[in-house]
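Asks: Supplied in structure tokens, the structure appears directly below.
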């Protein structure tokens with residue numbers, strides 16, 4: 001099924017409801033501390049403004065629990081202020097996302113003007129994908145556009161439910177870019193195709209690994225999950241984090257990779273500490289085996305070198321999950337080393353959301369990558385080969 005995109009629709013004079021992802025971090029004063037998600041939605045919003053649509057934006061923010069203070073803490077007002085600055089035009093903020101007051105604001109909205117509805121999750125019906133709530137949201141719209149890839153894996157009222165009750169629907173440019181890059185990296189990659197997979201647990205990445213074994217030429221494994229694989233091969237891992245109940249599964253994954261002639265690379269040296277703390281002494285262990293009393297907290301320099309060489313020789317590189325406890329400086333070299341190697345590569349470089357995206361952002365290398373996914377859970381499910389409700393709703 002082909003994705004229908006916003007530029008294929010006639011928008012002039014229509015009420016265009018765009019589901020965006022403005023779930024942005026705020027400081028204690030309620031100011032936006034990172035506007036990346038707001039900026040990511042600008043191409044779609046600007047397109048609708050220039051097409052003289054009546055632009056209605058909707059998003060969630062945080063996880064409201066129905067407490068009165070949530071209304072102050074989790075209001076979308078800071079996002080409205082920042083968006084107004086970025087667009088250099090007024091953004092009207094509604095005090096709710098449904099109800100008579102909102103209907104009046106929509107009725108009075110002029111072509112090319114922007115209305116931001118208040119936090120969708122102030123209504124529990126949003127996450128329950130309640131039909132009556134979805135119909136009420138749909139009554140505000142002639143056109144429904146999904147540009148919130150970060151929530152595309154959730155079948156909520158605004159991300160999937162209301163699409164059934166709106167005649168015209170499409171994906172925004174951000175969702176289009178996500179599907180294009182993630183789809184291309186996994187569907188028809190330029191080869192050699194190298195995947196870098198990290199993170200703490202094998203159990204979190206089983207489906208990802210299975211899908212990548214079917215598609216990649218090589219998989220470089222880092223993060224704490226590497227110790228479960230090493231232990232499955234009989235390599236001593238000291239007191240590193242290991243999922244004991246996943247050792248058999250790790251063996252099966254290694255066998256499957258071998259059967260498919262996929263190089264599954266594991267660390268050959270490690271950066272270790274006695275405990276996962278910034279203050280712990282940093283010990284480089286120049287061997288696959290980790291001595292008793294130490295735990296692996298990052299890939300070692302030889303491993304990073306091997307992974308760099310694979311990245312340099314690749315035509316497509318996909319990265320999901322850090323190589324170590326990168327939030328703490330002593331254990332961050334592996335993760336930032338991978339980020340720098342990808343940034344220096346002429347290959348199609350795709351970073352699959354979550355911690356890897358945070359690391360790339362921290363390293364200031366976002367613009368050096370072909371694509372950094374804005375979806376953590378959504379990009380993970382996409383890589384696993386699952387259907388995303390928020391994307392399916394945009395298909396023709």
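Backbone N, Cα and C define each Cβ position, glycine as well.
In case it's useful when we look at the structure, here is the feature table from Swiss-Prot:
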BINDING   21, 22, 23, 37, 60, 61, 62, 63, 121, 154  substrate binding site
BINDING   205, 296, 327, 353, 354, 355, 356  ATP binding site
Asks: Take the C-alpha atoms of residue 62 (substrate binding site) and residue 354 (ATP binding site) and report the distance between them in angstrom, rounded.
Replies: 16
Asks: How big is the substrate site in terms of the longest C-alpha to C-alpha distance among 21, 22, 23, 37, 60, 61, 62, 63, 121, 154, in angstrom?
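Replies: Spelled out: the longest distance between any two Cα atoms in 21, 22, 23, 37, 60, 61, 62, 63, 121, 154 is 18 Å.
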Asks: Would you say which of the binding-site residues 62, 296, 354 has the most Cβ atoms within 10 Å of its own Cβ?
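Replies: Sorting the candidates by Cβ neighbours within 10 Å, the top entry is 296.
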Asks: Indicate whether residue 21 (substrate binding site) is helix, strand or coil by DSSP.
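Replies: Reduced to three states, the DSSP call for residue 21 (substrate binding site) is coil.
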Asks: Quick one: of 21, 327, 355, which of the binding-site residues has the smallest count of other CB atoms within 10 A?
Replies: 327
Asks: Please list, in sequence order, the residues in the chain of residue 60 (substrate binding site) that are at least six apart in sequence and whose C-beta is under 8 Å away from its C-beta.
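Replies: Sequence-distant Cβ neighbours: 23, 119, 120, 121, 126, 151, 158.
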Asks: Could you list the residues of the same chain, at least six apart in sequence, whose Cβ is under 8 A from the Cβ of residue 205 (ATP binding site)?
Replies: 197, 199, 225, 320, 321
Asks: Counting across all protein chains shown, how many other Cβ atoms sit within 10 Å of the Cβ of residue 356 (ATP binding site)?
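Replies: Total other Cβ atoms inside 10 Å, all chains included: 29.
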Asks: Fill in the CA-CA distance, residue 356 (ATP binding site) to residue 21 (substrate binding site), as an integer in Å.
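Replies: Distance (Cα to Cα, whole Å): 19 Å.
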Asks: Within 10 angstroms of the C-beta of residue 121 (substrate binding site), what count of other C-beta atoms is obtained when all protein chains are considered?
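Replies: Taking all protein chains shown, residue 121 (substrate binding site) has 23 Cβ neighbours within 10 Å.
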